[in-house]
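Notes for the one structure printed next.
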Amino acid sequence: TKLLSSVLIFLVIIMTQICVADIYMHNPRGSNNRYNERGRGRNNANRMFDSQNNNRGGYNVGNLYYHVGSKLQLEWTNQHSCGNQNAHCDIIIQYMCGDLVRDGTVTSTIPTNPTMCKNLDCNNDKTYGMHEDFYSYINCRSRERNRGLFNADRNLRTNQATRTRQNQNGNRRGYECPEERDYYPYWHPMPWKDIAVLTNDVSRCPMYKTESQNVKDRYACDRSTSNSDECEAFKYTVGNTQYNGTWKRYPSHGIAAPVCHMNQWSRDNHLGNTVGGQTFNFNWTIPNDVNERCVLRMRYNISTGDYDRDNTTSLHNNRRRRDGPGPDVWSRQGLPNLWNNPTVDIFGLDKLKLRLALATQQYGRTFQDRSHTFAIRPRPPGVPEGATIDNVNVRGKRGNIVQVYPGVEYDFVPNTVQLTSGGYAHIQWTGSDSNPNNNDGQGRQGTDRSNMVMIKAPVSVYMFINCHNNANILYDQIKSTLKETRLQSPQFFCLRHDVTIVGGRICPFLIPTDKQFGGDMDELNEAGTYFDLGLRKITSTGIYSYMCTRNNNFSNRSQKG
């Protein structure tokens, strides 16, 4: 039926005023459509997807990899309340992998005209970033939108799936399908695989699980019609041959249904931490979906309580005044109609009227962020399938909180790691050399750098050992373990006594006169943005505290773990 109520989650915003309600991923680093811009704002909000976020959000490109079965702590901030009665909040976490998924090399939007792409093939033109592919968007543009959905007083003009209440002009961002972006679960086949649904209403979890494309097949016409009868009746001609459309079954992804549970609590109008002073987070177990090109997507859906979202359909559209008042907003809000910028007679005497700054397209709004590409790789030989692997990363970017907002300053992720003896830690981070040059920080302007140094306690800024005074004693203790060449890096220091020798000397990068291959290592300038320690097995128990020595000035005074 074309009258679909919000068994398909109706993505609407709580505020009865013109506002934003952004979501920003911090681990993995969310792009917010950035690539490598040196400015604080992104160059192109339409590069890959429709985020609806502030232009200053996002981190420059940087890529990591994760091993199958490892635990990755996802972290993000979202602006409006979740986990309480102020709004219906749902956060949808998904990923996709594919050989053509890529970050690209420019900030321009990938074309839909093949003549603008190399070899007339936009799918394979590596110049442009791409998540969904060319044919996915062409199918979206050629099929009919779901005309049973509530559009309020918006005039969508045409019936393509590129037009929604939030995207009434059919604007394009990358190869994303606007209708799929705005509604979940979506009824057409898509490459996205569901990870989790975090919701205020756990009674909806059974529906989210059974309707997910992870477990439920999808059906679609391979031509421009949108239901089985029209598809079979549709005919098109190539040369002298006439063809019919085909109504096809697209099998489910064949994986487990998404996790679904109660949202974490947050307050309104706040891009910050949740209860306990920690960032919003979700622990994702990396699936056995080995690929060098994957991307993570997070959508943030706020539903107003002004009317009954589950029983509001196209029957309540009111673009023309003669169509009726629209959904019932009188029972809950005392408004006679849901129109753009309504005038309210607050005393019912036709004497004093006030206008509300209310935009009906914002009663249907979705916010989104996506990561840069990452790889999913098998476990190395010798690492048992049942052994735990915890990813330890760095979030944030160079600058103080005002300069990086709505991003965050540096910290380790997770901030506190609980590891199991016999398990493994995978310490890895990335960054950028193209941050704004006037952002506060140590070392070369515009650069992200991190390291790890053991400290006495989480509140300490002093090293665990005095490298110079104890050099001879320490050397005697560790000289038999110098074969661990993987650890001979100035970015990883004193976390274990047996890994502190670099180039035959104890702790050389702390000595201002030392260089690495002629480069200036006083503040890790030549260390590079990317570091990978690989998997390290946990062989002893205890509490170990560490810090980054570079990001310990200006306002970045607590990159510790």
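Backbone N, Cα and C atoms are what each Cβ position is placed from, and that goes for glycine too.
Annotated features, as they stand in TrEMBL:
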COMPBIAS  429-442  compositional bias 'Polar residues'
REGION    31-54  region 'Disordered'
REGION    307-329  region 'Disordered'
REGION    428-449  region 'Disordered'
SIGNAL    1-21  signal peptide
Counting only residues 6 or more past its boundaries, what in the same chain has a CB within less than 8 Å of a CB in the compositional bias 'Polar residues' (429-442)?
29, 36-40, 59-64, 393-394, 397-400, 403-404, 448-450, 523, 529-531, 550-556
Using DSSP, what is the helix/strand/coil residue split across the region 'Disordered' (31-54)?
0 helix, 0 strand, 24 coil
Counting each residue once, how many in the compositional bias 'Polar residues' (429-442) are helix, strand and coil under DSSP?
0 helix, 1 strand, 13 coil
